[in-house]
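Novice: Sharing a structure, written as C-alpha cells. Questions coming.
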Amino acid sequence: MSREQQSHNSLMWFRQDLRLQDNQALVAACEHAQQLSQRGGEQASGKVRALFFATPKQWQQHDVAPIQIDFIERQLNVIAHELAELGIPFDVIHVADFDEVPALLAQYLDYWQIEQVFASSEPEFNERQRDRKVLASGIKLKLFSQHCYLAPLSVRNLAGDMYKVFTPFAKKWRDIAKQTPVRTVAKPLAVAKPLPLPSAIELRYQKRCSDDWLVGEAAAHKQLRQFARSKVNDYQAVRDFPAIDGTSQISAYLAIGILSPAQCLQALLGYYPDALVDDDSPGRCWLNELIWREFYRHLLIAFPSLSKGANFNRLADHVAWRNDPQEFQAWCEGRTGYPLVDAAMRQLNQTGWMHNRLRMVTASFLTKHLLVDWRWGERYFKQNLIDGDLAANNGGWQWSAGTGCDAQPYFRVFNPISQCEKFDPTGEFIRKYLPELDGVDLKLIHKLKIPFQAQLFGCVSYFSPIVEHKFARSRAIAQLAVMKRGATTSQATVSNSSQRVQQTNTVNAEADLDKEIFG
C-alpha cells in the first residue's frame with residue numbers, strides 16, 4: 001500500500017453490505033468527501049477509500065462455511081473493480097479476529113489521514129461489541145441500519161417491548177412499512193478519475209467452489225426481478241415442493257448484502273403493490289418470508305444471548321438431549337433411512353444450499369426423532385450453507401426444536417414419511433439426490449419398504465430407518481415435555497422469570513447504544 005500525495009478523508013468500511021447500489025454508508029462516505037472538498041477549496045483532498053477486514057479466526061469461531069467465504073471473495077473482486085471505476089481504492093486487510101480491528105483501523109486512518117468512517121451496522125453480538133470498542137477508541141464511526149428494512153427495536157408492542165410472537169410483529173411491521181414509499185439510493189457517482197484495475201483479492205481461508213452461484217449485483221437483481229415477475233404469483237402453492245423451482249433463490253445474496261431488504265421489498269411491490277395492505281394479495285406470502293427474516297434479526301439484537309447459543313425458552317435448558325454422535329453423523333451424511341431427510345442432507349452437502357421446507361424437515365428430525373441438541377444441527381448448517389445467516393439459522397432451528405420464540409410446539413413432530421408423500425409425490429427430488437433409489441417403485445420409497453425390496457431391484461446400498469417414527473415421536477414428546485409451562489421445577493420457572501427481566505434490560509441498553517451510534 002503506497003502512500004499518495006493527497007489524503008483520503010472518508011472511509012467506507014464494507015461488511016455484510018457488499019454492494020454499491022442502495023448502500024447508504026457508501027453514499028454518505030462519498031458525500032462527506034465532497035463536502036470536505038467544497039469546504040476546503042481546490043486544495044482540499046476530500047477523497048474516499050474503501051476497506052474490508054478479512055478475519056479468518058473469527059470466521060472459524062463463527063462457523064462460516066467455506067462455500068460462503070468463496071462467494072464473498074468473488075463478490076469482493078467484483079466490487080473492487082466497480083469501485084476503481086468510481087476512483088475509490090479498495091483495500092483488504094487480514095487480521096485474526098475482531099479484537100485486532102480497532103488498533104489496525106486506527107493505524108489505517110492515521111496513515112491515510114481519514115477523518116470519518118462509514119459502515120453498516122450488524123445484528124450479531126460480537127460484531128456489535130467490535131463496534132463498541134471502535135467507538136470507545138475515539139474513532140468517528142457512523143453506522144447505518146441497512147440489514148433490515150425497518151431498524152431493529154423500531155417495531156414494538158404497546159408496552160414498548162420487542163414482540164415475541166410473529167403474527168402481531170408482522171402486522172405492526174406492515175403498518176409501519178406502508179406509511180412511506182420504499183426508497184433506495186442509487187450508486188454514487190465517481191469521486192475521482194478511474195483507477196487502474198486492482199489486483200485479484202484472495203482471502204486466506206479454506207474455500208469451497210461457489211461457481212454455481214453468480215456474483216455481482218446485476219446477477220442478483222436479475223434473479224430477484226425474474227422471481228417477482230414470474231414466480232411470486234404461484235409462490236404460496238409451490239414453495240414447499242423441492243423438485244419445483246418455485247423459491248426466490250436470493251438468500252445467498254441477502255446474506256452478504258449483494259441485495260438489500262429494501263430492494264427486495266421494492267421489487268415485490270412493483271408487481272404486487274397491495275402486498276402490504278391486502279391479506280389475499282398473491283405477494284403476501286413472500287412478503288411474510290421477508291418479515292420472518294426481519295423478526296429473527298430484531299430478536300437477535302433484543303436478546304443478545306441468542307448469539308451465544310441460549311435457548312429462547314429457558315425451560316428448554318432442562319431437556320435431556322441424547323446427542324448420539326453416530327446418529328448425528330448419519331444425519332449429517334444423509335444415512336438415516338428416511339429418503340426425504342437423506343436427500344435433503346445430500347443436497348446441502350453437494351450444493352451448499354437446502355430448500356426451506358427441507359430445512360424444517362431435517363431440523364425436526366434431528367431434534368425430535370434423534371433428540372440431538374439443536375445447536376449441533378445449527379452449527380452444521382452454518383458450516384455448510386452459502387446463505388449462512390446467524391439470525392435466520394438460529395431462529396429456524398429453535399423454531400423446529402420447539403425451544404425458540406413463537407416456536408413449533410414441542411409435541412408437534414414432523415412425520416418424515418408423510419412429508420415425503422406430500423411434498424415429493426413423484427419422487428423426483430429424492431431420486432436426484434439418492435440415485436441408489438432410482439429403480440425402486442415410488443410406493444416402496446414412500447412406505448419405507450426399501451431394504452427388503454431393494455435386493456429384488458439390485459439396489460442394496462440404501463439404509464434401514466435409523467429409528468421407527470412412532471417410537472421416536474412418543475419418545476420426543478416425553479423428553480421435551482419439560483418445556484411445557486407449569487410442568488417443570490420451580491427453579492426453571494425462576495430462571496425463566498429472571499431471563500425476562502434480563503432481556504427487558506438488554507432491550508433498553510441496546511436502544512441506548514443504537515441511539516448513540518445512529519444519532
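Glycine residues also receive a Cβ, built from the backbone N, Cα and C atoms like all the rest.
Found this in TrEMBL, in case it helps:
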type    : residues                              : note
DOMAIN  : 8-149                                 : domain 'Photolyase/cryptochrome alpha/beta'
BINDING : Y235, 247-251, W286, 289-296, 387-389 : FAD binding site
SITE    : W321                                  : site 'Electron transfer via tryptophanyl radical'
SITE    : W374                                  : site 'Electron transfer via tryptophanyl radical'
SITE    : W397                                  : site 'Electron transfer via tryptophanyl radical'
Novice: Find the shortest Cα-Cα separation between I291 (FAD binding site) and the recorded sites W321, W374, W397, and name the residue that gives it.
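Specialist: Spatially nearest to I291 (FAD binding site) by Cα position is W397.
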Novice: Taking helix as H, G and I and strand as E and B in DSSP, count the residues of the domain 'Photolyase/cryptochrome alpha/beta' (8-149) in helix, strand and coil.
Specialist: 69 helix, 26 strand, 47 coil
Novice: If one measures from the C-alpha of E294 (FAD binding site) to the C-alpha of W374 (site 'Electron transfer via tryptophanyl radical'), what distance in angstrom results, rounded to a whole number?
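Specialist: Computed Cα spacing between E294 (FAD binding site) and W374 (site 'Electron transfer via tryptophanyl radical') is 22 Å.
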Novice: What is the average pLDDT across the domain 'Photolyase/cryptochrome alpha/beta' (8-149)?
Specialist: 94
Novice: Measuring Cα to Cα, tell me the gap between W286 (FAD binding site) and W374 (site 'Electron transfer via tryptophanyl radical') in whole angstrom.
Specialist: 26
Novice: Within 10 Å of D387 (FAD binding site) (Cα-Cα), which of the recorded sites W321, W374, W397?
Specialist: none
Novice: Any same-chain residues 6+ apart from W321 (site 'Electron transfer via tryptophanyl radical') with CB under 8 Å of its CB? Would you list them in sequence order, or say none?
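Specialist: Non-local contacts for W321 (site 'Electron transfer via tryptophanyl radical'): L371, V372, D373.
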Novice: Tell me the Cα distance separating W374 (site 'Electron transfer via tryptophanyl radical') from Q249 (FAD binding site), rounded to the nearest angstrom.
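Specialist: Computed Cα spacing between Q249 (FAD binding site) and W374 (site 'Electron transfer via tryptophanyl radical') is 25 Å.
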Novice: Using Cβ-Cβ distances, find the residues under 8 Å from W397 (site 'Electron transfer via tryptophanyl radical') that belong to the same chain and are at least 6 apart in sequence, listing them in sequence order.
Specialist: A363, T367, W374, R375, G377, E378, F381, G404
Novice: With every protein chain in view, what's the tally of Cβ atoms within 10 Å of the Cβ of Y235 (FAD binding site), excluding that atom itself?
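Specialist: Result for Y235 (FAD binding site): 19 neighbouring Cβ atoms inside 10 Å.
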